[in-house]
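Chemist: Structure in structure tokens, see below.
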Amino acid sequence: MSEQPGFLSAARYGKDLVKVCRVVREDEKHHVVEYVVKVMLEGDIETSYTKADNASVVATDTMKNTVNVFAKTSRHVLDPTLFALHLALHFVTKYAHIHKAFIDVTSLRWSRIEVNGQPHKWSFVRDGDEKQTSEVAVDATAGKDHLKASVKAGLKDLLVLKTGGSAFEKFHRDEFTTLAEVKDRLFSTMVALSYTVDLPPNVSLSIDNLPEIGKDIGFTKIAQLVRQNTLEVFAEDESASVQATMYNTAQKVLSSCPAISEISYSYPNKHYIPVNLSAFGLENGLGYEGGAEVFHPTADPSGLITATVSRHR
Ligand SMILES: O=c1[nH]c(=O)c2[nH]c(=O)[nH]c2[nH]1
């Protein structure tokens, strides 16, 4: 064969969009999770690309089956981050030639329906598009006894709006600027955030130690706290800009969650434009003071503000 012009410089493969729902029945009280799982593997798999040799290929169908089997057998199935960690540890320990596993779990929202003020034992409602996200990477390149993991959790598609406590003033102006300063505007965004969780340094990473790791970290508790902090700062902050509110939010999370070493936010600025009603003799707060009551919600373009805030070492 003639010399090829290129070489394989990266290779990773897996199964995406593995959808699975698990019910755990605790007598009459049921728990349910619905996940969308992505499995990606790296390792000694070059020849499957370069020599058409499938011997090293753990079929993506096998990965899908593994997710389903683990949904049944894993004691961590109700915690999406621990479940992801369990799967990642499985793939790198089960297969000698697989050195890295990347598991993403997106968790769909099923909240208990309240009946007479009480959460129902087995009935749930999809109360919003919000999803929890977990992204776990396990690296076994230093050996199967020296596993390293990176664990990120977060949420996305959480839609929020505030109708007071948001200004945007004193921004840079030049010949391209038309935007007026405003003391009072609507602020709406679709929250996406992702934070890095430091695993306990004194517990070695293994499937057997997952219960201890889970107990030590409390992923569910952290997820609730991050969500609550994010909503509270959004509500309470006297916002000078999306940027400033985002930064304040991240600082609040870092101070309330010691296990988080870094947090990233993405806030699209979903603009609501005050409608000019002057043709109808109606005033609608178009000036600096704001106070508009009728807005046009614009789909596009939207601002997009992102930031990562990392804990001082
Ligand atoms: O909070 C904001 N940040 C910006 O960077 C920006 N740019 C803009 O046009 N409006 C806003 N609002």
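Glycine is no exception: its Cβ is also placed from the backbone N, Cα and C atoms.
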Chemist: Looking at 5-hydroxyisourate binding as recorded in TrEMBL, which candidate out of PHE168, PHE171, PHE280 goes with THR60, ASP61, ARG185, VAL242, GLN243, ASN269?
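Modeler: Candidate in the recorded 5-hydroxyisourate site: PHE168.
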Chemist: For a Cβ distance below 6 Å to any atom of ligand 1, name the recorded positions from LYS15, THR60, ASP61, HIS271 that qualify, or say none.
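Modeler: Once distances to ligand 1 are taken from each Cβ, none falls under 6 Å.
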Chemist: Between ASP61 (5-hydroxyisourate binding site) and LYS15 (active site, charge relay system), find the distance joining the two CA atoms and give it rounded to the nearest Å.
Modeler: 7
Chemist: Between the Cα atoms of VAL242 (5-hydroxyisourate binding site) and THR60 (active site, charge relay system), find the distance and write it as a whole number of Å.
Modeler: 41
Chemist: Taking the Cα atoms as reference points, how far is ARG185 (5-hydroxyisourate binding site) from HIS271 (active site, charge relay system) in Å?
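Modeler: Counting only the Cα atoms, the answer is 9 Å.
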